[in-house]
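Please read through the structure below; I'll follow up with questions.
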Amino acid sequence: MNKRFNSEDKIILAIDGLDLSQAKLLLEKCPHVKWVKVGLELFVREGPRVIEILKGLNKKIFLDLKFHDIPNTMSAACFQVSKLGVDIISIHASAGLKALKDSKKASLEGATSVSVKPPFVVGITVLTSFSLKDFQTDLDRNNSIEENVLRLAKLSFDAGLDGCVCSPWEVKMLRSNYKNNFELITPGIRLNIDSKDDQNRIMTPHEAIDNGASKLVIGRSISKAIDPNMALIEIFKSIDSD
């Protein structure tokens with residue numbers, strides 16, 4: 001019983017690419033989903049009401065808008081979204097130490113202003129869509145993805161953020177540097193490792209958790225499954241297996 005509860009707390013269902021009615025139908029099919037990720041597309045389409053509806057369904061919400069701007073703009077945005085009562089928000093760690101510190105402070109102030117629990121703030125490191133070749137070519141970087149992830153995770157930690165978002169490939173490396181109270185949230189999770197879609201640095205659920213991930217963001221492996229609830233149950237089983 002406790003084991004299953006722990007598994008439910010580790011899975012964040014990404015409902016990106018779905019409209020609100022499709023998302024609600026998916027959640028009806030998957031009653032054990034505890035966490036939901038709302039991305040940029042859905043939030044822009046539906047606005048803050050999507051948060052109200054999901055909270056009405058007793059879901060915990062990762063609002064993954066990946067803010068990246070000057071410190072004043074980022075912190076102002078974090079102040080506003082924190083008033084919505086979401087549980088986790090994401091910001092780009094590459095915005096710099098001041099932007100991260102100011103955003104964390106603003107998220108606390110925003111939540112406090114309406115008497116809701118402050119959200120965790122996590123720093124985005126290197127997007128899982130990047131391969132090493134694309135990362136070095138597109139961004140004109142000479143160092144490795146791992147080196148950049150380490151640097152951005154440290155920046156997030158030093159700024160007082162609650163964790164970071166990284167690919168499962170970097171989880172083991174980061175977990176050796178940071179204790180379990182520093183959240184490591186990992187997209188790029190696939191049940192079938194051959195199904196990459198637009199992700200490159202991917203891993204199975206069991207491998208990612210075994211390497212030290214706190215939470216897994218999983219979308220298409222569940223939402224595109226013939227039986228989404230069965231796919232979710234299989235993920236729980238894989239996490240629980242030794």
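Note that Cβ sites are derived from N, Cα and C of the backbone, with glycine treated the same way.
Swiss-Prot feature annotations, pasted as is:
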- Asp16, Lys37, 64-73, Thr128, Arg190, Gln199, 219-220: substrate binding site (BINDING)
- Lys66: active site, proton donor (ACT_SITE)
Taking the Cβ of Pro71 (substrate binding site) as the centre, how many other Cβ atoms fall within a 10 Å radius?
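The Cβ of Pro71 (substrate binding site) has 17 Cβ neighbours within 10 Å.
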Identify, in sequence order, the residues in the chain of Gly219 (substrate binding site) that are 6 or more apart from it along the sequence and have a CB within less than 8 Å of its CB; answer 'none' if there are none.
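Result: Leu13, Ala14, Ile15, Asp16, Gly17, Lys37.
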Going along the chain, which residues six or more apart from His68 (substrate binding site) have their CB under 8 A from its CB?
Met74, Ile91, His92, Ser94, Ala95, Ile124
Take the C-alpha atoms of Lys66 (active site, proton donor) and Thr128 (substrate binding site) and report the distance between them in angstrom, rounded.
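One finds 13 Å between the Cα atoms of these residues.
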Should Pro71 (substrate binding site) be counted as helix, strand, or coil on the basis of DSSP?
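The residue in question, Pro71 (substrate binding site), is helix (DSSP, three-state).
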